[in-house]
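First comes the structure, then the notes that go with it.
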Amino acid sequence: MAVIYYDKDCDLSLIEKKIIGIVGYGAQGHAHAQNLRDSGLKVIVACVEGGRGWKKATADGFEVMCVAEMAKKADIIMMLAPDTSQAKIYKDSVEQGLTPGKMLMFAHGFNIHYGQIVPPSFVDVTMIAPKCPGYMLRQVFTEGAGAPSLIAVEQDASGKAKEIALAYAKGIGSNRAGVLETTFAEETETDLFGEQAVLCGGTTSLVKAGFETLVEAGYQPEVAYFECLHELKLIVDLMYQGGIAYMRDSISDTAKYGDFTRGPRVINEETYETMGEILGEIQDGSFAKEWILENQAGRPVYNSLRRMESEHLIEEVGAELRSMMSWLKKKK
């Protein structure tokens, strides 16, 4: 079972005199910066000068500067820019500011695990990865609670990398919920697999396959949309709240019997084999290489697939039906 750290394991005093630099002020960046500041810590923010993040961080009262200047000043540098831009930011602006005793920190292990960023041996390299969106990390903190995080240590030059990272986790409030120990490899590989096989790739492909099956059989696209996409949230919310068993206790016996007997025919042995292949491509680095080259080439495949998917009938039908849902309009 995993090792989980709580408040008694986290000593905020270890970083009270340190300067924490946050690279990026987007979904995660704003939450980290504000939570750390509210915990009494010194925080500076680095963004593209004049950009949206720069303006927002300035309006929120932070000292904002370019990444190179921040890298020289900060003792702990948290990389919260998009994964695809981190390697360039590091090479152009962060690397030259690193000196012995500093810590380079990440919220996702991709660039370290796949060698896109190779820090010098004299700095600590750690990860604190909150398991929730940035807005939720901030919200639960202000309510006096916290969101769970993962912690990993890739490089311990100081001999206190884990302790310092745990102090950071306390600064963002994760000590209140629990900080689960992992590795850069495990976090990266499981995160990518979850996205590709289940959360994003698996779910969207399953939804579209169900929708297309009903439409091709002559059913109205609008009804197919309701049954295969719209109602998905109802089921996922139940699973999120209490797990699979809780969800099954909340649905009809007819639905439950169909789940038990038909579900394994949809996700069958062939599906397991394909999932194994997808995991293998993540583990051996071939997916990472493919994605890195795709970005270097200007994303031709990505852009083509994105355009093609946006033209699927399910998008047209969904837009029409969602326009009928007043509660969705209120959220925009």
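A Cβ is built for glycine as well, from the same backbone N, Cα and C atoms used for every other residue.
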Which of G115, G134, G144, G146 belongs with Y25, G26, A27, Q28, D83, T84, S85, Q86 in the NADP(+) site listed by Swiss-Prot: G134
S252 (substrate binding site) and H108 (active site), Cα-Cα, nearest whole angstrom: 39
Cβ neighbour count within 10 Å of S85 (NADP(+) binding site): 15
Cβ atoms near S252 (substrate binding site) (within 10 Å, other residues, all chains): 8
Integer Cα-Cα distance in angstrom, D83 (NADP(+) binding site) to E231 (Mg(2+) 2 binding site): 32
Set of same-chain residues at least 6 away whose C-beta sits under 8 angstroms from A27 (NADP(+) binding site): P133, G134, Y135
